[in-house]
Amino acid sequence: MDQFLITGSSRIAGEVTISGAKNAALPLLAAMILAETPTTLHNVPSLQDVRTLIELIGGMGIKIQKQGDTVTCDTKSIDNFYAPYDLVKTMRASILVLGPLLARFGEAEVSLPGGCAIGSRPVDQHLKAFEAMGASITVENGYVIAQAPKGGKLLGCKFSFDMVTVGGTENVIMAAALAKGTTVLGNCALEPEVVDLANMLVAMGAKISGIGTAIMTIEGVERLHGCEYAVVPDRIETGSYLAGALMTGGDVLTKNTSALLLTPVLEKFEDMGAIITSGDDWIRAQMKGRPKAVDIRTQPHPGFPTDMQAQVMAIACLADGTSTFIENIFENRYMHVPELNRLGASIQVDGHTAVVKGVECFTAAPVMATDLRASMSLVMAAAAAEGESLIDRIYHIDRGYEHVEKKLRALGVNIERINSND
């Protein structure tokens with residue numbers, strides 16, 4: 001199992017090009033199932049989760065061509081509607097093939113998903129919506145078995161999600177695009193990745209209004225065609241590298257990104273003392289001195305994203321003062337706290353609240369990555385620490401950060417990937 005060896009006391013500075021967003025690429029790849037003609041997707045990040053989903057849809061008989069960051073899918077040869085546990089177990093987003101399969105082919109059998117263990121994150125909202133559209137849903141031996149109503153077409157309906165769910169919103173708008181009649185969805189997620197998916201569906205011939213709002217109306221069409229589309233930049237990768245500048249008194253320029261995707265995070269960075277400048281496709285963070293303490297409350301978009309909570313907490317560990325974090329999205333997303341404390345942080349957790357008392361510096365220690373975003377917070381903390389830190393279970397970071405060592409080295413981080421079996 002690979003590990004990172006990081007020699008700290010780095011000043012994180014330089015330029016880094018941001019990849020396409022993993023959380024956008026996955027639903028866009030799933031949406032390709034809906035198209036009767038080939039679809040080409042650009043700016044696709046080379047990540048384990050992406051490779052897994054490509055393998056998953058390829059196993060259905062879909063012809064896939066990949067060249068660089070471009071993926072083309074032709075669904076003419078699809079011959080099964082099955083998503084096996086062996087692939088689904090590692091990645092939660094695999095449930096997103098359920099809606100497209102059910103909508104286009106009238107049936108699907110998809111294993112219940114895996115992914116980061118940061119909360120229950122149930123798929124019941126997906127299933128309730130499909131049932132409201134007339135589908136028959138059963139769960140047997142860990143598999144969701146779905147069947148469209150008589151005639152093979154889902155039926156448009158009015159449905160409001162009980163809670164804001166990004167995956168649920170994505171799954172249902174894909175299904176509704178080919179449903180018979182009109183679907184009105186309430187309490188939709190507003191995340192940029194949801195907007196990106198809706199825009200691609202429109203490019204494929206879908207009729208969707210209310211994109212980017214809590215109420216979307218989807219008028220079902222008979223068929224969807226392929227298109228050429230580019231994945232939106234990864235706002236979380238952007239924020240993660242900018243966070244490194246704040247932790248180390250650095251200066252980081254992120255390219256191929258957009259400040260419009262990251263407004264609540266950039267505002268907090270400015271509150272912490274950073275100088276933030278931006279243009280159409282770049283953001284720069286400059287930092288001098290210790291960060292200032294802040295209070296963070298995670299919320300669905302357009303609030304502060306839970307996927308940046310761990311990285312900003314790592315900055316707060318070095319802040320002048322006490323910061324308070326309230327995690328409102330997932331009930332188990334403080335697993336990085338014991339690891340940051342091993343590096344010399346002073347954090348106490350009580351339920352959904354974490355109180356962070358700033359310290360002068362981190363000190364090197366062996367730590368263990370617990371989930372995707374926590375792993376990046378530990379990498380940045382280790383880069384700021386004095387001495388050598390060994391980070392275990394870095395397969396988490398490979399799921400969400402493309403070419404991470406190359407990009408970190410370009411920013412001045414002394415990082416080496418080692419195999420613990422060597």
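Placed from the backbone N, Cα and C atoms, the Cβ positions cover glycine too.
What Swiss-Prot says about this one:
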type	residues	note
ACT_SITE	C116	active site, proton donor
BINDING	K22, N23	phosphoenolpyruvate binding site
BINDING	R92, R121, P122, V123, D124, Q125, D307, I329	UDP-N-acetyl-alpha-D-glucosamine binding site
MOD_RES	C116	2-(S-cysteinyl)pyruvic acid O-phosphothioketal
For N23 (phosphoenolpyruvate binding site), the number of other Cβ atoms found within 10 Å of its own Cβ: 24
Inter-residue Cα distance where the pair is D307 (UDP-N-acetyl-alpha-D-glucosamine binding site) and K22 (phosphoenolpyruvate binding site), in Å: 12
Lowest local Cβ density (other Cβ within 10 Å) among binding-site residues: K22, R92: R92
Cβ neighbours of P122 (UDP-N-acetyl-alpha-D-glucosamine binding site) where a neighbour is any other Cβ within 10 Å: 12
Separation of alpha carbons, N23 (phosphoenolpyruvate binding site) and V123 (UDP-N-acetyl-alpha-D-glucosamine binding site) (Å): 17
Distance, N23 (phosphoenolpyruvate binding site) to P122 (UDP-N-acetyl-alpha-D-glucosamine binding site) (CA atoms, angstrom): 18
